[in-house]
Amino acid sequence: MEKISKIKIYAPVDGEIKLIENISDPVFAEKMLGDGLYIEPKTKKFFSIFDKGEIVNIFDTKHAFYLKAEKGPTILVHIGLDTVKLAGKPFNFKVKNGDQVDLKSEIVEVDLAMIKKEKLKISTPIVLDIHENPGWTIHDVKTGIVKQGDEIATLSYDPVQVKADQDLSKPAPITLKEALKKGIKFTNRYEELAGKIYDHVGGKNNYSRYYNCVTRLRFVVKDKNLVDEATIKKLDIVKGINWNKNELQVIIGGEVEKVKDGLDNHLIHLQQAQDFELKNPNAQKQSFGKQLLNLIKGIIMPAIPILIGVGLINAAQAVLQQAGAIQNVAPSAAFGSYTLATQLVYLIAGGATLFMGIFFTYNGVKFFGGNPLLGIVMGLILTAPILFKGNLSQNSMGVMTATPWSLPLITSKIDGFDFVWMKIGPSPGSMITATIIAYIAVQVEKFAKKRFPNWSLMLTVSTFTIFVASVLAFFVVGPIISVLEAILGYIFSWVDKIPYGIGTALFAFLWQPLVITGAHGALVTILQIPMLTNPEPYILGLKTINLLGGVSIGVFGQVGASIGFLFIAKNATIKQTLYGGIPAGLFGITEPLIFGVNLPKVKPFLYGCVGAATGGLVAGLMGAKYYAGIKVGMGGLFSVLNANGPNGDTKSLIATLVAYAVCIAVPILLVMFFAKERTGEKFGLYQATKSLNHFLNNKNVAMDASLQQEADALKTFYGNKEVTNKIKLFEKNMAKIQTLQSKISVLESQDLERKEALAKRFSRNQAKLESEKNVDQIMTKLDELVNKINMPKYDDKIAELEKLLQEARDANAPIEAEVEKLTQDNTLKAQAIGKKLHKLTNSELSEKVANKYYNAINSVYINYGFVSKKDTKFSKLEKQEFKMPK
């Protein structure tokens, strides 16, 4: 952008221009919502105030809208005063959010007579919020009578003023006097930013829930008018906002997980999390696929660090057992007969595994909008120790042992074992059970709050909720889930018998899909029934459960797919996810990779499963074995211990290592050659035109010549090598910009951690002043600590990176402008195709076909999270009606 840019504002309607300070509404007159002007309209049709711009947001009550100038600021046009009361009745909008407009574009037709009849003023403020648009000012306001399209004011941009504002925003150095009086406290940057976003969204009463994806913090908003978009955009971490119907998407980028965690902490500190309400009658429902993905991410992802920690401790236990440092623990033996070291390691490694259900119920209740403490209580009930020591027995030596309490309801003999088809009993590690119980508990709690009298809520709500949820858990949900798990286990018991490695290949292929459903834990338990019944031969290495070798192979298939995607990815945010997720995947934790990249991108997940099947086939053919008596926690690399066995099975070890190499290499190659980070514009337009033809054929409508010409023109345009090279250069530049932003963020986080550590030292030393001993020495120490806090450690590095960042942005500016221009122009063409298609078919579903053109043209922006992908999926009913291709 040039040092000073100017943009003209034009009259949206015939009328009289007046200075904003003369308007009758004090909110506008005192410039609380920004500087500008107002017009007394004489005609009813309002047009764009910019020669080129975009409709950013139309208020639900239609009395106002935001219009963004091309390469310029966002302006509020507020039609009438207090017209929000009219609930949109006088306003007939001709455009929608996201539409590109010019001076000939009619925005809205207003019934001025209706407004006057309600004794409201038709004065229309046009204002610029300088906080939302730093560096921009409005001036040269031309008062008097004007015609629509006349120049009425000028907007100017001054980057020097932006820099001055940034310098003023830097915190002042801390003084020793101030520190002694108030103490030194640094709020976590992400929690502070999240708190500001929370406030400006409208607080807990203005959204039903919040969650995040890879780049955005999302709120399902109840009233858009309560959202302070201007202030949210002003936050330094926010790259922009986007509305998808009533869902507010705050675009943050790679730091979104930290901001989400910051918001969680902010709400806990406010002690308001338990008051959230999930239901909202006006909430826009997401597709089942998105709901399921968000559900799994909301429950599993927060527990990932715990899963990794527990898994590594279990792996360490296996290594110590192999080395002979500790003993193998047999479930049937008396725990007190083992050495203290064995007891300690087994307790640490096994204890958290047994109670993993607590994490799932806690996260589940929190996700569904209930009181997180309720989730902990339900988790404790589902995993109570008495459930695992419910049946006492005495062996021939007089030693008392205990086995888990379980009441079989339906059983049958299979291969000599009592196979339980339905039971009442514990299911501590089942994510499915925990999720269902969490949902039930939240709904029961809400029911109780509405039905019981207010004076009794403290006594009745928690009592009723816990009792009802517990009874349903053990006598309804548990038995039903046990049937599903038993059927799954029975099927895979037969899969284990398929020869030539096919059984292991099938198991490895299906392992990660089973992980997504949460049924994998129960399946492993069922496959281990023979070992649980008689563990000694398995611990000694006399028997194996070879099918379980597919677990680690399935894991490494996803790791391989992620490594392959790392080679083709340009988006720095995706790369950060992969860099963090691949090491965890090597130790058996694939959830960050699956939910962060592989599953949303679809093909990497599928290729990872194919690679796992290939590795499983190799493992079976080469004779790999799985010595299940060795516990290695989450698996991953430590699963080689299971392959080697307690007695050193070299053949099995070699076969497993070869299978690992295959299951990693195959998906790497498949992803590199057949997957793409995003859909290319040309291919996307080809698919869009294919859908267009299908749609017209199934509506029995002939293709219009001009429509065909416009569709072909778009394909030809993006088939031009010069155009594709511009987009590739833009992607390359954006990757560099994202990398620099990430480095700056890391240094800022490190500086905050340094200051927080020094602040704690200051607090400890300050407490020593109360003893009135060595006061001078303590004061000197305190002064040194304050100076260290004020002393910049990373400022030079940050300044250097910010300089490189600005240079990268400046270098990218010309190509960014070109790509933005061609994208905007072609988006307008896509909108024209949509309008023609609607005119030809008179079907509202034509919008979904037009959205395919939008997604193809905006593919690069969608990939970087700058705009949202528009809905193109047809429901089953719509597919049946029009016989649309899936």
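Every residue gets a Cβ built from N, Cα and C, even glycine.
For reference, TrEMBL has these:
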DOMAIN    25-130  domain 'PTS EIIA type-1'
ACT_SITE  Cys213  active site, phosphocysteine intermediate
TRANSMEM  299-320  transmembrane segment
TRANSMEM  340-360  transmembrane segment
TRANSMEM  367-388  transmembrane segment
TRANSMEM  424-442  transmembrane segment
TRANSMEM  463-492  transmembrane segment
TRANSMEM  498-527  transmembrane segment
TRANSMEM  547-569  transmembrane segment
TRANSMEM  581-599  transmembrane segment
TRANSMEM  606-628  transmembrane segment
TRANSMEM  653-675  transmembrane segment
COILED    720-825  coiled coil
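Three or more CB pairs closer than 8 A are found between the transmembrane segment (606-628) and the transmembrane segment (547-569), so contact between the two stretches is assigned (pairs 6 or more residues apart).
Looking at which of 367-388, 463-492, 547-569, 581-599, 653-675 has the most CB pairs under 8 Å to the transmembrane segment (340-360), the answer is the stretch 367-388.
Remark: the transmembrane segment (653-675) contacts the transmembrane segment (547-569), by the rule of 3 or more CB pairs under 8 A.
The residues of the domain 'PTS EIIA type-1' (25-130), classed with DSSP into helix (H, G, I), strand (E, B) and coil, number 14 helix, 42 strand, 50 coil. Here the coiled coil (720-825) returns a mean pLDDT of 85 for the predicted model.
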